[in-house]
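Enquirer: Got a structure here, written out as structure tokens. Questions coming.
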Amino acid sequence: MADQYAQSGEDIRPPETPTSPANQVKEAAPAIPAIRWAEPPEGPVLVLLDQTRLPGEETELVCTDAPALVEAIRMLAVRGAPLLGIAGAYGVALAAARGFDVDEAAVTIAGARPTAVNLGYGVRRALAAYRSAVAGGAGRERAGAAALAAARALHREDAEASARMAVHGLALLDEMLPGGGHRILTHCNTGSLVSGGEGTAFAVALAAHREGRLRRLWVDETRPLMQGSRLTAYEAARSGMAYTLLTDSAAGSLFAAGEVDAVLIGADRIAADGSVANKVGSYPLAVLARYHHVPFIVVAPVTTVDPETPDGASIEVEQRASHEVTEVTAPYVPMAGFEAGGGIVVAPLGTQAYNPAFDVTPPELVTAIVTEEGVVSPVTAGGLGELCARSRQVSMS
Ligand SMILES: CSC[C@@H](O)[C@@H](O)C(=O)COP(=O)(O)O
């Protein structure tokens with residue numbers, strides 16, 4: 001493997017020790033928060049860090065109503081399961097605060113993308129708070145305040161969950177890989193850009209980095225929208241961790257070279273049987289991990305477990321436009337209507353692309369699921385009964 005690195009002309013070998021000076025701990029999160037609520041005089045508005053512009057520009061996108069938020073969600077300015085939940089909750093509060101039809105807003109926001117279960121959860125939670133305030137005699141303003149309080153609570157809880165996932169995930173890594181020096185492969189983006197805190201899978205890698213136990217984060221670029229190269233590499237670079245970017249299709253040779261100790265990914269929806277929907281390309285990694293006897297670890301909050309979806313076949317996988325594959329846009333430039341991306345064309349005009357945003361990994365390929373409540377193996381636990389029960393409790397709170 002060392003020879004192979006040398007041939008590329010660039011020495012990307014892991015540092016001699018995990019705590020070498022090059023591996024300094026810095027702040028991973030962008031200077032602008034992924035989401036924030038602004039009160040008057042700026043608001044009431046919902047302000048998003050426009051993730052389509054990263055890593056080139058850190059710019060904000062201001063949403064004044066539900067249709068603007070729906071567009072931001074569809075074009076992936078705001079994305080990732082936990083953050084979609086938070087955005088959904090704030091979206092309901094926004095509709096209330098600005099005098100729009102709250103029920104209509106809730107329906108359109110919840111329907112913006114189908115796979116991440118957290119989006120609907122966040123919307124329902126804020127809507128329930130709004131309705132219960134109305135039922136209790138509150139006027140529009142007080143009911144809106146109740147929806148906003150629910151959104152803020154979800155935002156805070158997600159940050160707390162993220163911190164606890166990091167603790168459980170790092171303990172699991174240390175148990176599975178005694179000796180430290182973890183070489184972790186991750187896919188898509190699961191850091192502070194998808195969370196009220198430091199994220200899911202990325203938060204675990206960050207914890208390992210801070211403890212001096214991360215030797216290298218291997219970052220899949222994540223075709224076609226490059227969440228890995230644009231966002232995860234950006235967060236990894238900011239944190240000062242040792243990381244290397246690879247094309248998705250290079251993962252096989254990386255496993256074969258014995259360079260991966262564990263795979264850490266997030267999830268958009270976990271079915272009751274332990275099937276995991278995550279960014280397309282996750283399932284092939286699970287197959288590779290099994291073949292190479294490498295743990296495949298999923299990190300997600302309890303709210304991503306969906307007791308109402310019995311199995312993987314029941315998960316709706318979002319299909320996205322052909323142009324995301326037939327054109328290369330860097331950064332991804334949103335265009336009205338989504339008919340064309342306005343990028344560099346890399347396929348014959350008119351080519352139809354198969355472009356599922358997610359794939360589903362069956363439970364037998366999942367070594368462990370890490371939540372804020374602890375670690376469970378879907379196979380040895382015989383399903384996710386307890387986690388489902390917990391998720392039901394949380395979603396009714
Ligand atoms: C905690 S993030 C888990 C997933 O939401 C993440 O891996 C992912 O697949 C995001 O997909 P995206 O299409 O960018 O919203």
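Glycine is no exception: its Cβ is also placed from the backbone N, Cα and C atoms.
The model shown is predicted, which means the values in this text are computed figures rather than measured ones.
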Enquirer: Determine which of Arg53, Arg113, Arg210, Arg320 appears in TrEMBL for the same substrate site as Arg79, Gly80, Ala81, Gln227, Asn278, Lys279.
Expert: Arg113
Enquirer: An 8 Å radius from the center of the Arg79, Gly80, Ala81, Arg113, Gln227, Asn278, Lys279 Cβ atoms defines the neighbourhood of the substrate site; name the other residues of that chain inside it, in order.
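Expert: The answer, listed by sequence position, is Leu84, Ala116, Cys188, Asn189, Val194, Gly266, Asp268, Ala357, Phe358.
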Enquirer: Suppose we draw a 10 Å sphere around the Cβ of Gln227 (substrate binding site). How many other Cβ atoms does it contain, all chains included?
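Expert: Its Cβ shell of radius 10 Å holds 27 other Cβ atoms.
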Enquirer: Under a threshold of 6 Å between Cβ and any atom of ligand 1, which of the binding-site residues Arg79, Arg113, Asn278 are retained?
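Expert: So the answer is Arg79, Asn278.
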Enquirer: Tell me the Cα distance separating Cys188 (site 'Transition state stabilizer') from Asp268 (active site, proton donor), rounded to the nearest angstrom.
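Expert: The separation of the Cα atoms works out to 11 Å.
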